[in-house]
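Reading through the structure tokens given below for one structure.
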Amino acid sequence: MRERERSGEVEFGAMEGGRESEVIGVVQSAKRNGVDVERDGGAREPLLVGERQDEEYTWGSVALPFLFPAVAGSLYGYDIGATSGAAVSIVSERLSGTDWYQLTSLETGLVVSGSLYGALVGSFLAFKIADYLGRRKELMMAAIMYICGAFVAAFAPNLATVVVGRVIFGIGIGLSMHAAPMYIAETAPSQIRGTLVSLKEALVVAGMLLGYFVGWAKIDTLGGWRFMFGFAAPIAALMGVGMWWLPPSPRWLLLRAVQGKGVEDDLKYRASIAHRRLKGANRCTKEMAEYETEETWRALYIACQGESVDVSFAELFQGVNMKALLVGGGLVFFQQFTGQPSVLYYAAPILQSAGFSVASDATQVAVLLGFFKLFMTIVAVLYVDKLGRRPLLIGGVTGLTASLVILSVYFSLMKSDPFLAVVALLLYVGCYQISFGPISWLMVSEVFPLRTRGRALSVTSLINFGSNAIVALAFPPLQQLVGVTYTFVIFGIISVIALAFIVTIVPETKGLTLEQIEAKLLAKTT
């Protein structure tokens with residue numbers, strides 16, 4: 001293995017093709033988390049990295065490390081879609097197949113939202129155990145929660161057991177939405193990392209569409225809600241087997257080596273094996289894998305110098321961690337508080353008022369919107385690594401704001417022109433799916449330093465699911481208090497604030513390695 005001088009300057013390189021990318025070392029006094037970070041008596045030197053050379057890769061080598069974690073996300077989407085049909089089936093005297101079908105609105109709400117509150121629990125658990133388990137084992141645990149939750153809900157003899165099953169399933173959601181973007185981001189080649197993490201969002205939408213289809217297919221079946229909940233179990237089993245077969249994240253292994261949480265040589269050896277498996281043994285030699293392992297270890301060694309092994313909660317709000325949390329937490333906050341759940345709440349009546357015959361059946365309306373959401377997500381996937389994150393966010397949120405203005409005008413002045421509302425609805429859904437939908441989770445997976453990424457992303461997940469719950473809970477009383485028109489006006493104002501936040505705070509991360517992104521954020525905080 002090629003040895004280098006262990007100094008305050010690091011060379012990031014790509015071994016493939018004999019090319020090495022140059023590092024522009026920018027020497028400046030660094031403060032990390034409010035204190036000077038020193039090594040060998042000198043101040044730590046953060047790095048601003050220049051243009052990098054593309055890594056060589058094949059789509060065959062990146063397919064499975066992307067697919068199985070993405071399936072974890074698709075089960076979150078499936079739950080959204082299937083629950084919309086199950087909520088109708090379980091309260092039907094003719095279709096429920098139970099003698100406790102007469103549920104109150106609160107009880108129905110517990111069935112629908114049980115997985116959401118389970119996701120909050122899962123996000124909290126991720127904060128405690130994710131760095132110990134690693135991304136791969138966390139996803140395997142999520143698969144177990146998915147399977148158990150699906151079976152408990154599907155075979156539940158009473159309402160309480162259904163809710164318990166929904167909460168267990170939700171714990172799987174919280175764990176998987178925490179670990180999946182990290183595993184994909186840490187194992188993907190830099191030049192297609194945005195494409196792959198965004199494509200995970202496409203699989204979330206595809207899972208939602210599958211849930212809508214299953215609900216539509218089983219809506220007239222006696223006890224169909226049991227099948228809708230239980231169908232997730234075999235998908236989760238496939239995901240669990242796939243994650244068992246995949247290697248751990250090499251970056252996570254090397255972080256543990258740097259932090260002294262294991263035998264360094266053994267962890268480096270395992271990371272080299274993981275590199276070869278992820279890149280393909282026929283394209284990545286043992287020497288190339290060892291070289292990449294050593295270079296990544298060296299970057300992490302410098303990044304973690306002078307810092308404690310364990311990450312405290314307070315540390316997430318200091319230095320570069322605070323900057324990253326502001327970016328990631330702000331994006332998932334605005335993702336929910338720009339009204340996405342509430343706008344879709346009006347989808348069916350808007351389409352019905354426009355005379356669409358398909359809108360006579362709510363499940364068919366959901367399928368229609370699901371197809372459109374999937375199409376627009378694919379558009380984002382195709383352009384996120386070409387145009388960058390910021391252009392799609394700025395353009396999408398601008399269109400989203402315009403659609404909210406149009407919807408408020410429609411409900412206040414132009415109810416006689418439903419075509420305008422349909423255009424506004426489709427504009428909203430389309431702009432959301434090329435901006436907040438995929439890119440929020442992409443940037444969340446990118447901006448956090450590796451050392452704090454596990455715990456920081458669990459905090460971000462808590463912000464996401466907590467915001468979702470607040471918006472879902474607050475929308476009915478808000479709409480009753482100020483009316484539909486001003487509700488959308490409020491969402492429009494929040495969208496303008498979100499646009500200003502993106503323009504002034506959110507950095508561009510296109511084409512940068514995760515270590516380069518950390519260096520870029522660190523430079524802006526010093």
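Using N, Cα and C of the backbone, Cβ positions are placed for all residues, glycine too.
Heads up, TrEMBL stuff is auto-annotated, nobody curated it.
Given the structure is predicted, the values throughout are model-derived calculations rather than measurements.
Straight from TrEMBL, the features:
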DOMAIN    65-510  domain 'Major facilitator superfamily (MFS) profile'
TRANSMEM  108-127  transmembrane segment
TRANSMEM  139-157  transmembrane segment
TRANSMEM  163-185  transmembrane segment
TRANSMEM  197-219  transmembrane segment
TRANSMEM  225-246  transmembrane segment
TRANSMEM  365-384  transmembrane segment
TRANSMEM  391-413  transmembrane segment
TRANSMEM  419-444  transmembrane segment
TRANSMEM  456-475  transmembrane segment
TRANSMEM  481-506  transmembrane segment
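Of the candidate ranges 108-127, 139-157, 419-444, 456-475, 108-127 contributes the most Cβ pairs within a distance under 8 Å of the transmembrane segment (163-185). By the Cβ criterion (distance under 8 Å, sequence gap of 6 or more), the transmembrane segment (197-219) is counted as touching the transmembrane segment (419-444), at least 3 such pairs being found. Here the domain 'Major facilitator superfamily (MFS) profile' (65-510) returns a mean pLDDT of 83 for the predicted model. Long-range contacts of the transmembrane segment (139-157) within its own chain (CB-CB distance under 8 A, at least 6 residues past either end) are made by residues 68-69, 72, 75, 115, 118, 122, 133, 164-173, 175-176, 179-180, 183, 226-227, 229-233, 235-237, 239-240, 243-244. For the transmembrane segment (419-444), the residues of the chain that approach it from at least six positions outside its boundaries are 177, 181, 185, 194, 197-198, 200-202, 205, 327-328, 331-332, 334-335, 338, 340, 343-344, 346-347, 350-351, 353-354, 356, 369, 372-373, 376-377, 379-381, 383-384, 389, 392-393, 395-400, 402-404, 406-407, 409-410, 457, 460, 506, 509, judged by C-beta separation under 8 angstroms.
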